[in-house]
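Q: Copying in the features that Swiss-Prot gives for the protein in this structure:
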- 40-64: zinc finger (ZN_FING)
- 251-333: domain 'Toprim' (DOMAIN)
- Glu257, Asp301: Mg(2+) 1 binding site (BINDING)
- Asp301, Asp303: Mg(2+) 2 binding site (BINDING)
Amino acid sequence: MSGLIPQPFIDDLLNRTDLVELIDGYVPLKKRGNSHIACCPFHNEKTPSFNVVAKKQFYHCFGCGASGNAISFVMNYLNQGFTDAVETLRRAWVKCPRDGTGEKHKSSLNLYNLMSEVSQYYQKKLKYNGQVAIDYLRNRGLSGEIAKRYHLGYAPEGWHNLEKAFPNNQRELLSTGMLIKSDEGKIYDRYRNRIMFPIHDRNGRVIGFGGRVLDKDQKPKYLNSPETVLFQKSRELYGLHQVLSQQKNPDSIIVVEGYMDVIALAQHGIFNVVATLGTATSTFHIQLLAKHTKHLIFCFDGDAAGKQAAWRALESSLPHLNAGLDAGFIFLPNEHDPDSLVRNEGKNGFLELLQQATPLHRFFFDTLSKDINLSNPAGKTQLINAVKPYLQKMVEGSYKQLLIDDLSRLTHIESHRLTNLITDKSESKPEVQAAISRSPLRIAIALLLQNPEIYSIAIQQINPALLHEQEHHILLKLLQQLKDKPNANTATLIEFWRNSSYFELIVKLAAWDHQVPEQELTKEFIDVLLFLQKQNREILIRQYIEKSRKTGLTEAERLSLQNLLKERHGQAEIEK
């Protein structure tokens, strides 16, 4: 992105973004009082000191001092520049305008709406022009009801069907990956002669597609949408929307590897199934699933690749086990996938297999202890060293202790001794943040940044015109910000200063412990402002008196001095 992004757009973007939801997508948060906490993603710690306050749309780590709003988080966590962070945050329906274009930026067709229309187009093609696809689905034992539940469609043969169906949306279809532009500049449909599987986000919006070939000579067998502003495959799960629309918090969720596995199991009445989208099971996938269930069952092939995929899922699950999540693993016979197995064995046969799932802790130790002789000290040492790095990644809690107890039974070493051996002594210590010296001006700025709602009451009792234009520059700017936008929050207030030399100080003051009790915030702010006004008034009086002695005052200066002296006298009478 190039050009300047207008401040009103940035403010609107920050107001639209839910900081808790944003950060929770990367770092699992736990609600505590009026805020959410986690172990800081910016330094190594085991005791949570990272704090996110929804009301302020602001985060702060009490350990390392990392602080900011949604844009700051994306910049620092994803290592992005400012404009890329804005692009990451913006919703698909928000156009990102530029200053100086001299044009009104008309909103194009909403990308989500467009993808929904594309899905409907493919569904109609399946119904009216897709006999070859219908025959294939019937041969796989799939009913029209299941095809409708998952909105299956058909992309007919030909290079330009979709392009012709949406002649006014070529640019949007290119951006969502539905059309491809060749090196020679030719544009054509990505999907041709394929069964189409629309991919929904958890809110039910179509964000991408998967396509399965009908011609066995065509490659690849399955083709996913590319990464786009709507679709990041490592953050989505096929079928999750359908699972949650039927039951918000199912007892368990089964994780498989393919679309057809999800649909085949649904055909047999097993609906709590999701699939990864050609990627390993990620930490984000586990975070997402852990919000809706406490039990995961991973269903993989029994070959080496399946075992490797299962181990990656285990690694992603470990940090979440202390929160009550549990997981089991099913390894299918080599000649089967979930689709073929449920067709051969039926629903009951598959459910029986689920009951035999290997618990996570057993899979964990079976894998790490394989080929290790635990009857001698060398073997026990090998196992401890193999287990250690995994347990060190887990926060303290009951599940971690249970794993240590299992290790104790295997090695015949007491649990407390193993705990001492495994405890990470190298936890990084964050840099000690330099204390901010207290001053009335800094207290006023901090109070206003952290509690902008006090402005509407305080402004009735203070006179910003009596503040010093240079000495109180930041405070005056903040007051002006709130005059222009009375509903501003901490996030938008600090964003105004991003390109200023004061930005670092502003962010620190937004997180500063000013030690003012909540019930006294407004009174304290008014008292500090009145003190600053009085301080500035005395400076001006001294300057005028000194000038009158040296060169004399102009008429305007003489009147100004008289008014200041009257204010001083009036204030003195009030304070008697």
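From the backbone N, Cα and C atoms, a Cβ is placed for every residue, glycine too.
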Q: Taking the Cβ of Asp303 (Mg(2+) 2 binding site) as centre, how many other Cβ atoms lie within 10 Å?
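A: Neighbour count, Cβ to Cβ under the 10 Å cut-off: 12.
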Q: Using DSSP, what is the helix/strand/coil residue split across the zinc finger (40-64)?
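A: So the zinc finger (40-64) is made up of 0 helix, 8 strand, 17 coil.
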Q: With DSSP as the yardstick, break the domain 'Toprim' (251-333) down into helix, strand and coil residue counts.
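A: The breakdown for the domain 'Toprim' (251-333) reads 37 helix, 21 strand, 25 coil.
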Q: Give me the long-range Cβ neighbours of Asp301 (Mg(2+) 1 binding site): same chain, 6+ apart, Cβ under 8 Å, in sequence order.
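A: Glu257, Phe331, Leu332, Asn334, Asp337 - these are the non-local Cβ neighbours of Asp301 (Mg(2+) 1 binding site), listed in sequence order.
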